[in-house]
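First the structure, in the form of structure tokens, and then the observations on it.
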Amino acid sequence: MRRRPGNWARTLCAAAILGGALLGPQASAGARPMVAAVPPTPGDVPKETTDLADRPAPPSPTELKVECGSEFGLKPGGVPRDEPLSQKVLDLPSAWQANTTATNRGAGQTIAVIDTGVSRHPRIDVQPGGDYVSGSDGTEDCDGHGTVVAGIIAAKPSADDALVGVAPDATILSIRQLSERYQAKDQNGGEKAPGSMSKQGYGPSSTLAAAVVRAVNLKAAIINISAAACTSADSSTGDDALGAAVRYAYERGVVVIAAAGNVDSGNGCNVQNTEQSNPAASWKSLSTIASPAWFSPYVLSVGWIGPDGTPSERSLHGPWVGVAAIGQDVLGFDSKTGGMVNTQGYDDKNKKWVGIQGTSFAAPYVAGLAALVRADHPEWDADPGTRARKIMNQIILTAHQPGTGRDDRVGAGMIDPVAALTTHFSDDVLTSVSPVLPNHTGSDTPVAFPTPQKPAGPPHLPRLVATIGTIVCLSALGIGLAVSIPFRRRRRDDELPDFD
């Protein structure tokens, strides 16, 4: 029987994430002009958005076009007993015990999952938040996507499998906002308006804006958005209301975590951005925009790293990317049966099952960490106006940084929950706009990261281990280039284009 690696092996392999970010950028996925683009300066939330936030319902009639089910399944061989690497590298048991005075597993924190809905499950504390797709209370999931996301954030442990959420004592507030299985009534597959969160189904950005405002008003501490509306950088994004909504959350101390987006021919994210050496330069040479991810600094956007340490070329690059997490080969709950799922289809060409993957499944690891950080700092509640910035910077400044200090693919690098919960920074550092998430008027000169102030625990050894581990793991694992894999879904061939 193969032995599971211990804590030292997990520490070493976590450090391998650094190495992948040192590789040069890959070629773009297609041809599209590069232009300078800036997100609109968010204004006040429009009345139409606040009205819709108060009364969750589709703004126009919808209909079910494909029977409810799940896009995910279980690979042959039964329920896996080993932790997925995406979970293992975070060393969650140590993170939960990082505060020497009390265990912190996210108790008292509410995390809004704005997604395809979250099915009720005995291992997730799910509360209904409303439905902008159909007539449920938000706890119906016809796609399976939102339920997997919620499990990554807040699944309670069980002896029957290896899945546990980053913040298993937290509460999930489920707001259904999009579905590939619904469409506007009598639409007949017509063109979607700019800013639509779903290319094949239903999910206008107007309802995402309303869902964000609703989550804030329902006292969510963190909001997870594992979706993106992608457009060409030289076209209209139609997301002014969404920008206003994420600013509304930010100014009230609510952290919005958003998937960076997946590069795929089946959606608007079909052309990769060219990676630049610093964010300010990147704002001047964009091909593709992802919303709400591009609304930095009001949003913390998450890139996808593969289990071999390579930044995935299917993770959309951009100056707005803040941090990264492994978004591949994750475990989750089936939205219909409640059992385990770990595959999104079979790769006919390479004759293998494809694990669940995408920036959709990297983002919830960061959302769970944000809940732990907020729970660990109740003193920040005294100033809601700076709370979101402090939580974001605490995560950003303790990530495993690329050699340049940031990277358009992984931002500040792979998240490190233990460091985020044991490292101390001054208020001046935590309340500044991070060099990783500048606005579009930022300097072209890269900015160095500040030095941690009085870190808890041994300050030098973990970083030494991380450095050595980078070399060891990259040599042992090798660095393979991420490729786009054609695969067959279990139920139908259409991609989940904007479930990132």
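Note: Cβ is positioned from N, Cα and C throughout, glycine not excepted.
Curation plays no part in TrEMBL annotations; they are all automatic predictions.
Fair warning: this is a prediction, and the values are worked out from it, not measured in the lab.
Annotated active site, charge relay system per TrEMBL: Asp115, His145, Ser360, in sequence order. The domain 'Peptidase S8/S53' annotation in TrEMBL covers 106-413. Residues annotated as region 'Disordered' in TrEMBL: 33-64, 183-202. The signal peptide annotation in TrEMBL covers 1-29.
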DSSP helix/strand/coil residue counts for the region 'Disordered' (33-64): 8 helix, 4 strand, 20 coil
Intrachain neighbours beyond the region 'Disordered' (33-64), with Cβ under 8 angstroms and 6 or more residues off its ends: 129-135, 138, 142, 175, 181-185, 202, 204, 206-207, 209-211, 213-214, 217, 233-234, 239-241, 243-248, 274, 283-287, 289, 294-296, 298, 440
Neighbouring C-beta atoms (10 Å sphere around the C-beta of His145 (active site, charge relay system)): 32
